[in-house]
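Summarising the annotation, Swiss-Prot assigns dipeptide binding site to HIS278, ASP310, HIS400, ARG417 and lists similarity to another entry as the type of evidence. Annotation source Swiss-Prot lists Mn(2+) 1 binding site at ASP299, ASP310, GLU471, citing similarity to another entry. Summarising the annotation, Swiss-Prot assigns Mn(2+) 2 binding site to ASP310, HIS393, GLU431, GLU471.
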Amino acid sequence: MSVHPRNQGKDDCCEKTHLDSQYSPGYYWLGNNTLKVPLVLHKENRQRLVSQILSKHKDQVKENSFILLESGKSTMQYDTDHEPLFKQERYFFWTFGSDIPDCFGIVGLDEQATSILCIPKLPAEYATWMGEIRSKEYYKSIFLVDQVLYVDEMMDYLKSKNASTIYTILGTNTDSGSTFVEPQYPGLRETFNVNNTLLFPEIAECRVIKSPKEVEVIRYCVDASVSAHKHVMRKVKVGLKEYQCESEFLHHVYNEWGCRNVGYTCICAANKNSAVLHYGHAGEPNSATISENGFCLFDMGAEYHSYTADITCSFPATGKFSPEQRVVYQAVLDASVAVMEAMRPGVSWVDMHKLAERCILAALLKAGILVGDLQDLIANKIGSVFFPHGLGHFLGLDTHDVGGYLGDCQPKVHSLRTTRTLKAGMVITSEPGCYFINHLLTQALSNPETAKFFNLTELDKYRNIGGVRIEDDILVTETGCDNLSKNLPRTIDEIEAFMLK
């Protein structure tokens, strides 16, 4: 059996196991050339979390205290009996690596970070419809936990340990504005002292700084996505439907890399659709035909073991840049290069966003699309007309990963998903963009205070481009940064040469 290069030298899984399951004791692996993920990754996550809590809150945490997490719940689609493909709640997955719904997980706040996975007791007919009912011992060996119980045994376990405090997650996701729902179990709060304030910032911060094993999984997702983006670039031609490009990406990452899911809805935007930041949703379902002068903006990222990539490639459908496309693309590329050259621990992400904005505005001034002084453009927020989103976001188990406004963050800045200072171990996207969005341009042109900065004659030459975004996935290192998606063709010459082969 062939093994992915990153698996060389590691203890091989039993091949027979992988005829039946993606799991073997201590590993997640889909065989062939896919990445073998050691599930000790999640044991180390638990140990990191417990160590961080005990070191920061030693005086507060009493003996016999426990973390309690709840997995995602199995659901049906509206009022039907159709069960959508389950995706695990990400805090639970980070801690246990389990993709089983309707579970609870317990972690002892002790030096051993004692772990208990509580699984649902399934009815006998489950085996008829869904497959073999696995034993407690099976899950214990797979997920490397200290004990497996049924959910209905959980309360008795906590009582037997004289649990003094149960720590649960309660907090708000700063990207969605949604509040995380605490574990719900009958009698929990009536029986135990429950603390829902301490855990959220600690576990979120642990997710911000990736372990080396987490980085390897993300790197694999990025490699799969880079390979698929290059495959799509070679397939693109005038007359194709956007959804055909999406289907090429989805097939490639699944067939060649074992990535059944993508981290988010694929954005395959061509022509003017490339100015729609989150194109591809149900109302705009990647359904347009790529035109002769169409410019493609494809934002797609593969998911593996619940971690994801997030990459955007922008290029002309013909493989040859027009003069106007060349100007806008080079402006965004210059911003991307400047940011990556400046990224290192201790650098403010707000400053990186401002750097990208300055690069783009300077290029638009040079092209004659804008007029006036660069500082006046910045002061009048002209940058947000062409670059209306933040420079990037944390990346991991979520596409917009958690922790953007924890730690040393500055006050929230409109459109920025984080204002933090960079630290080694962070994985963050860098995605400068320049778009010609009609309603933003109309607003700016209808205001005399901002209209004076626009050269309408030149602007009209560019409005049909739509938009350009260059998005890479970046690991912050001790001395700088590592562009995980660096194997993509990015310069104009590289793209034209690659697409004409």
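Going from the start of the chain as shown, residues are counted 1 onward.
Quick reminder: no glycine exception, Cβ is built from N, Cα and C everywhere.
Surface or core, plus neighbours and distances: that's what I need for these features.
In the shown protein chains, 28 other C-beta atoms lie within 10 A of the C-beta of ASP310 (dipeptide binding site).
Within the same chain, residues at least six positions away from GLU471 (Mn(2+) 1 binding site) with a Cβ under 8 Å of its Cβ are ASP299, ASP310, ILE311, THR312, GLY392, THR429, SER430, GLU431.
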Of all the binding-site residues given, HIS278, HIS393, HIS400, ARG417, which has the fewest Cβ neighbours within 10 Å once its own Cβ is left out?
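Comparing Cβ neighbour counts within 10 Å for the binding-site residues HIS278, HIS393, HIS400, ARG417 gives HIS278.
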Could you tell me which three-state DSSP class ASP299 (Mn(2+) 1 binding site) falls into?
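Reduced to three states, the DSSP call for ASP299 (Mn(2+) 1 binding site) is strand.
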Near ASP299 (Mn(2+) 1 binding site), how many other Cβ atoms are within 10 Å of its Cβ?
24
In angstrom units, rounded to an integer, how far apart are the Cα atoms of ARG417 (dipeptide binding site) and HIS393 (Mn(2+) 2 binding site)?
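Taking the Cα atoms only, ARG417 (dipeptide binding site) lies 6 Å from HIS393 (Mn(2+) 2 binding site).
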For dipeptide, with binders HIS278, ASP310, HIS400, ARG417, what's the maximum Cα separation in whole Å?
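Greatest Cα separation within the listed binding residues comes to 15 Å.
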Around the Mn(2+) 1 site (ASP299, ASP310, GLU471), what further same-chain residues have their C-beta within 8 angstroms of the site's C-beta centre?
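Apart from the listed residues, the neighbours are ILE267, MET300, GLY301, ILE311, THR312, THR429, GLU431, ARG469.
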